[in-house]
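These come from TrEMBL:
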TRANSMEM  6-25  transmembrane segment
DOMAIN    6-52  domain 'Phosphatidic acid phosphatase type 2/haloperoxidase'
TRANSMEM  32-52  transmembrane segment
TRANSMEM  64-83  transmembrane segment
TRANSMEM  95-113  transmembrane segment
TRANSMEM  133-152  transmembrane segment
TRANSMEM  191-212  transmembrane segment
Amino acid sequence: YQYPLVFGLILAFCWCSLVCCSRIYMGMHSILDVIAGFLYAILILVVFHPVVDLIDNFNLTYKYAPLIIISLHLALGIFSFTLDTWSTSRGDTAQILGCGAGVACGSHVNYIMGLKLDPPPDTLPLSLSSLTVTVFGKAMLRLLIGVIVLLLTKVAMKKATIPLACKIFRIPHDDVRKARQRMEVELPYRYITYGMVGFSLMFIVPCLFHFIGLS
């Protein structure tokens with residue numbers, strides 16, 4: 001969409017500032033951690049921006065892309081942490097990786113089924129439509145339905161994955177909070193649950209909107 005550059009920069013600055021400040025306020029990271037993370041994000045952007053279209057095309061069109069995506073994200077979640085004591089960082093990382101894998105797999109299914117194709121290049125950039133009561137009401141209804149579906153997906157997957165992981169790895173689940181701190185439970189629970197949330201976001205919810213006429 002075409003929008004003023006200043007508006008985009010202000011929005012990006014505010015969002016980045018809120019994320020950075022919240023990490024310090026919650027005591028999850030130090031100021032040095034945040035600065036290092038910010039610089040690391042810039043490095044990632046510089047490295048991956050030139051090949052983002054190539055990666056996106058691979059995710060959408062390659063037949064075995066979902067298998068590779070899921071395997072890569074699982075490996076990153078399993079081998080990226082060695083903790084002496086439990087920390088929320090491991091679960092947060094698995095949550096991010098799972099959601100990313102779900103979004104990528106949902107996009108792949110959309111493309112394969114021809115449900116959500118990119119607009120032709122000659123039509124870009126798109127212009128923002130005028131805000132009317134109908135457009136606003138439709139947007140709010142989509143938001144409400146989408147949030148409900150995603151919350152139901154999260155609750156259902158959480159109810160299913162934690163007991164299943166405990167049963168497979170023979171971990172007592174009388175105390176769910178304690179069981180969730182075990183890597184054998186935390187990683188599958190977070191990865192599968194938020195993987196399905198990401199998949200629902202990209203595939204199930206848009207299909208539901210199309211079915212009820214809210215596309």
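Just so it is clear, glycine is given a Cβ too, placed from its N, Cα and C backbone atoms.
In the predicted model, residues of the domain 'Phosphatidic acid phosphatase type 2/haloperoxidase' (6-52) average a pLDDT of 92.
Each residue in the domain 'Phosphatidic acid phosphatase type 2/haloperoxidase' (6-52) gets a DSSP state, and the totals come to 42 helix, 0 strand, 5 coil.
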